[in-house]
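Asker: Below is the structure I would like to discuss, written out as structure tokens.
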């Protein structure tokens, strides 16, 4: 009886693997496709542009700094696979004026054709204790990280729906899945992206447009180097419990998931566990993905409790360490 049940389970899993591709999105062909990357002048955004260019795409880079854009353009063009490929640079702040963003997207489409994939990678980070952060910091991060993704997406969505093809990628963060000490402003802006993405996916799925949310861990980029200058001790120690990833590795995974139309894009085993743990009511791309989430949830939640306990211990140790000089002063 037990053997029969095991055989039935194996047969069921095999059936899921066979049926899953039939309900999954058709992969997006990158050769000749027009890919727009915001925040594409450095870091993960630039590496995503390179990865798409290596697969034959036409690239529009969007960022604020013209000098960095031109340097990124030169770096990307080294990876061309044919002489027809083009890298277009547009200098604009995607978080300030929707009409301006819409106009530059129209200009890009006039030159390189309709946008097949939009990668929202423009973003910034700021850390500090909740009561020590300026209120303007919360406004700034919501403007850049959230509205800086809303505006470009709004500018391309109508054409994608009309053509019934497209990919929209939102680059969030593991801090957009798990709230951490020092990231009250940053995490909230990254959590907002997921809510936007889930609602948008439900709207555009009937039009064969698919949304991907990427949750990269700490990545070796200029942005991380700048963030580390002011990062609280507690935040730094918690961050050091996981390895720093290379931007090329992160970019390759994001592009792969976007092509496949996967809603979640995670990096490494920790990223996979975190995405499974926080899946909630998020869309799934395949039956197999949903089954994996159901099967692993209990185990991953158990592991997560140990992580949370470790993080709380780090915060307590730092508090005790900071309190010691005060105790010495009172007894002196």
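Along the chain as shown, residues are numbered 1 onward.
Backbone N, Cα and C atoms are what each Cβ position is placed from, and that goes for glycine too.
Below, the features straight out of Swiss-Prot:
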| type | residues | note |
| --- | --- | --- |
| ACT_SITE | 172 | active site, proton donor |
| ACT_SITE | 186 | active site, proton acceptor |
| ACT_SITE | 190 | active site, lowers pKa of active site Tyr |
| BINDING | 39, 41, 42, 43, 64, 68, 93 | NADPH binding site |
| BINDING | 186, 190 | NADP(+) binding site |
| MOTIF | 39-43 | motif 'GXSXG' |
| SIGNAL | 1-25 | signal peptide |
| TOPO_DOM | 26-270 | topological domain 'Cytoplasmic' |
| TOPO_DOM | 315-332 | topological domain 'Cytoplasmic' |
| TRANSMEM | 271-291 | transmembrane segment |
| TRANSMEM | 294-314 | transmembrane segment |
Asker: Out of the recorded positions 42, 68, 186, 190, give me the one sitting nearest to the residue listed as 'active site, proton donor' by CA distance.
Answerer: 190
Asker: Among the recorded positions 41, 172, which residue has the largest number of other Cβ atoms within 10 Å of its own Cβ?
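Answerer: For the recorded positions 41, 172, the Cβ with the most other Cβ atoms within 10 Å is 41.
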Asker: To the nearest Å, how far is the Cα of residue 39 (NADPH binding site) from the Cα of the residue listed as 'active site, proton acceptor'?
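Answerer: So the Cα of the residue listed as 'active site, proton acceptor' lies 17 Å away from that of residue 39 (NADPH binding site).
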Asker: Please find which two of 39, 41, 42, 43, 64, 68, 93 have the most distant C-alpha atoms, given that the record lists them as binding NADPH, and give only that distance in angstrom, rounded to a whole number.
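Answerer: So the binding residues stretch over 17 Å, Cα to Cα.
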Asker: Mind checking which residues reach the transmembrane segment (294-314)? Cβ under 8 Å, same chain, six or more beyond either end.
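Answerer: For the transmembrane segment (294-314), the sequence-distant neighbours (Cβ-Cβ under 8 Å, at least 6 residues beyond its ends) are 180-181, 234, 237-238, 241, 273, 276-277.
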Asker: Quick check for the class: what is the C-alpha distance, in angstrom and rounded, between residue 93 (NADPH binding site) and the residue listed as 'active site, proton acceptor'?
Answerer: 19
Asker: What average pLDDT does the predicted model assign to the motif 'GXSXG' (39-43)?
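Answerer: On average, pLDDT over the motif 'GXSXG' (39-43) sits at 94.
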